[in-house]
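Residues annotated as ATP binding site in Swiss-Prot, with sequence analysis given as evidence: K15, T176, D177. Under the heading substrate binding site, Swiss-Prot lists S54, D144, N156. What Swiss-Prot records for 282-360 is domain 'PUA'.
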Amino acid sequence: MSRSALRRVKRLVVKVGTGTLTDRAGRFDRDNCARLASELAEVSRGRKVVLVSSGAVALGAERLGLARSRGKPWDLPTKQACAAAGQPHLMAAWGEALGRHGLVTAQVLLTADDLASRKRFLNARRTFERLLDAGAVPVVNENDTVAVDELKVGDNDTLAALVAGCVEADAVAMLTDVDGLYDRNPAEPGARLLRDVPRVTAEIERSAGGAGSERSVGGMITKVKAARRLGAQGVVTALLSGRRARALPALLAGEPVGTVFAPGAHRLSSRQGWLAAAARGKGVILVDAGARRALVEQGRSLLPSGVRGVQGQFGVGDPVDVAVDPARPFARGLAGYAADEVRRIAGLKTGEIERALGYKYLDEIVHRNDLVVLETGRE
């Protein structure tokens, strides 16, 4: 997608980071919130817009009178308490700011579990659709109060990518406190802003550097990884300053602002997008190099003959990772057989399945229509 094609975007996810909504002292910046609301109202004319907003933890800390000690991160209960105290005020701020422009806001709090479950994912999609059809602006955040560390989405850059898949967005705009992605630390002399990134490479990831600030969870690296994930789904990602006036309208007018990450050539189906972005494999099917080539290069289904083993337990229809090296899954799909059944037919020809099991559901362990190649596992 070229920059000029951004003018044709009809469904947009806008992610606003904590650094954009707070001042240097960590206080909520209502003036910038009001300015962003005006720009969101402008770009929502003729488009459906979903807002993913950070800031609840920072706002809650301000309300509770808690200060973060430099170098000493808060424990999970403290973060959750801040989120609980801050989220109502965050919604009130957006409701008031967008309401001045005649827009109705709707709070949507999600967890990783909500999106990993196909049923709950589809329920969330139907809710989003009804809200967007009614002209509302869904305001999304992770439900930090109930999410546990090991099951958290973790940062709102990743959440924005997951939400984009849920609402089938054309583009994601991430508003941050810098003008875009630079080829090195922007504080260094000679740092160059990268306007257009055709593909997220290992070099691009290295240039993104380390973690977030004291007030935010994610850093540039989480944004770049989200852009890579979105690109694999056929969604364009833009990274631009949430402090620069009219950057968002300029982006959607095709002007040279921020950094634009080009999408892949093919858009995944709805089911494949969910498998790639939101689903979590309940086990791993280990395959040989020949099976990997058949799946990745030829778009084939996974047959028993290429299977070497199974890790974990899963049932028919469960998401399952496919890997040569179990630490680096290269694909994910929906299992046509349960884990114990796959163990019994591993390495066999399709004509031998019924003899081994006494029955046969399918020729394929994972059908190609229920399988997606994961870019993160490509060699």
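Backbone N, Cα and C atoms are what each Cβ position is placed from, and that goes for glycine too.
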Structural state of D144 (substrate binding site), classified by DSSP into three states: coil
Secondary structure content, the domain 'PUA' (282-360) (per DSSP, counts of residues): 26 helix, 21 strand, 32 coil
Minimum Cα separation from D144 (substrate binding site), reported as the residue among binding-site residues K15, T176, D177 that achieves it: K15
Among N156, T176 [binding-site residues], residue with fewest other Cβ within 10 Å: T176
Distance, T176 (ATP binding site) to N156 (substrate binding site) (CA atoms, angstrom): 12
Predicted model, mean pLDDT over the domain 'PUA' (282-360): 96
Secondary structure at K15 (ATP binding site), reduced by DSSP to three states: strand
C-alpha spacing of S54 (substrate binding site) relative to D177 (ATP binding site), in angstrom: 13
Inter-residue Cα distance where the pair is T176 (ATP binding site) and S54 (substrate binding site), in Å: 11
Other C-beta atoms that fall within 10 angstroms of the C-beta of S54 (substrate binding site): 27
